[in-house]
Amino acid sequence: MPDDQPRHPDHVPLAGVIGMPIAHSRSPRLHGHWLRRYGIAGHYIPMPVMPEHLAEVLRALPRLGFVGVNVTIPHKEAVLALADTVTDRAALIGAANTLIFRPDGKIHADNTDGYGFVANLRQNAPDWWPKAGPAALIGAGGAARAVVASLLDSGVGELRITNRTRIRSEQIKSEFGARLVVYDWAQAGNMLEGAATVVNATSLGMDGKQPLRLPLDALSPDALVTDLVYAPLVTPFLRDAQARGCRIVDGLGMLLHQAAPGFECWFGRRPEVDDDLRRAVLE
Ligand code: ATR
């Protein structure tokens, strides 16, 4: 079938997630819930893909009736080079999590992680105001880069960043600019002084991993504290922040919100992120 052939009117849209490993991805449950809830004829499928097969798989999927896919580890960076168009935010972050296969065969890459991060805070802490004071970010991996892009976009005046491997935070500063201030990992507690928004974007605190250990003496009870880790929902870091009187927002909402733009593009309906969805994903 030529790539520019229009889709058949009876076409049942297929979408999914590609990664390796993929068995534990919550995305099929999430999109499956929305498909059932809105009575949409479509399917969302987890697909294990080896890095050496990525290019071939991306060429084949549109021909099999796929309208797009989510992308997870280890392909989030590699897909940028294989896409025909890349949004500015995906290019800036250096990774994509959402691909749209256009009817003309072109692949469009976007990154909705930063959108999901901010949408989660807006939904669960509606009075959160990014300009209230400096933001403090722990971590400098792929997820942290999406948080940096979205916080700067939201108007944060100063964004402090620390990471075990300091050079990764230096690299982010060199790419994202003057509003970033790098703190040494050994002095991470200092960056909480006066911070209005505090984010853990490391994998510390995840089930089976060490907790994030940070002296919280400088943390103001007025700060909003959030964690990208969502298993467990309340990480030791969030629990400690809550004990100091801070408002906390868990990371599950980011996962749910980052999925919404892709679902809308593929299946034609903007889905809702609510408690029913949370329950379905946690089951
Ligand atoms: P993701 O795409 O989820 O952000 P990643 O790019 O591998 O994944 O980033 C993981 C983050 O968790 C990094 O900030 C990493 O710190 P390093 O850059 O120093 O590796 C952080 N991290 C993971 N394990 C850690 C540990 N034991 N102590 C401190 N930081 C850790």
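Using N, Cα and C of the backbone, Cβ positions are placed for all residues, glycine too.
Automatic prediction, not curation, is the source of TrEMBL annotations.
As recorded in TrEMBL:
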- 17-99: domain 'Shikimate dehydrogenase substrate binding N-terminal' (DOMAIN)
- Ser25, Arg26, Ser27, Thr72, Asn97, Asp113, Tyr230, Gln258: shikimate binding site (BINDING)
- Lys76: active site, proton acceptor (ACT_SITE)
- Asp88, Gly139, Ala140, Gly141, Gly142, Ala143, Asn163, Arg164, Thr165, Arg166, Ile167, Arg168, Leu228, Gly251: NADP(+) binding site (BINDING)
- 135-203: domain 'Quinate/shikimate 5-dehydrogenase/glutamyl-tRNA reductase' (DOMAIN)
- 251-274: domain 'SDH C-terminal' (DOMAIN)
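Annotated features taken from TrEMBL, shown on the structure.
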residue: Ser25; record: shikimate binding site; DSSP (3 states): coil
residue: Lys76; record: active site, proton acceptor; DSSP (3 states): coil
residue: Asn97; record: shikimate binding site; DSSP (3 states): coil
residue: Asp113; record: shikimate binding site; DSSP (3 states): helix
residue: Asn163; record: NADP(+) binding site; DSSP (3 states): coil
residue: Leu228; record: NADP(+) binding site; DSSP (3 states): coil
residue: Gln258; record: shikimate binding site; DSSP (3 states): helix
Given the binding-site residues Asp113, Ala140, Gly142, Thr165, Tyr230, return the subset with CB under 6 A from an atom of ligand 1, ordered by sequence, or none if empty.
Ala140, Gly142, Thr165
With Asn97 (shikimate binding site) as reference and a Cα-Cα limit of 10 Å, the qualifying recorded positions from Lys76, Asp88, Asn163, Leu228 are Lys76
Cβ under 8 Å to the domain 'SDH C-terminal' (251-274), counting only same-chain residues 6 or more beyond its ends: which ones?
13, 15, 26-27, 30-31, 34-35, 37-38, 40, 42, 67-68, 70, 97-98, 100, 110, 112-113, 115-117, 119-120, 123-124, 226-230, 233, 281-282
Out of these binding-site residues, Asp88, Asp113, which one has the fewest other C-beta atoms within 10 Å of its own C-beta?
Asp88
Around the shikimate site formed by Ser25, Arg26, Ser27, Thr72, Asn97, Asp113, Tyr230, Gln258, list the extra residues of the same chain whose Cβ is within 8 Å of the site's Cβ centroid.
Val17, Asn70, Leu255, Ala259
How many Å separate the Cα atoms of Leu228 (NADP(+) binding site) and Thr72 (shikimate binding site)?
15
What is the one among the binding-site residues Ser27, Asn97, Asn163, Gln258 whose Cβ has the most other Cβ atoms less than or equal to 10 Å away?
Asn97
Rounded to the nearest Å, what's the C-alpha distance separating Ser25 (shikimate binding site) and Asp88 (NADP(+) binding site)? Just drop the number here, would you?
26
Do you know which of the recorded positions Arg26, Lys76 has the most other C-beta atoms within 10 angstroms of its C-beta?
Lys76
Taking the residues the record says bind NADP(+) (Asp88, Gly139, Ala140, Gly141, Gly142, Ala143, Asn163, Arg164, Thr165, Arg166, Ile167, Arg168, Leu228, Gly251), how far apart in Å are the two Cα atoms that sit farthest from each other?
28
In whole Å, note down how far the CA of Arg26 (shikimate binding site) lies from the CA of Thr165 (NADP(+) binding site).
29
Candidates Ala140, Ile167, Leu228: member of the binding-site residues with the richest Cβ shell (10 Å)
Leu228
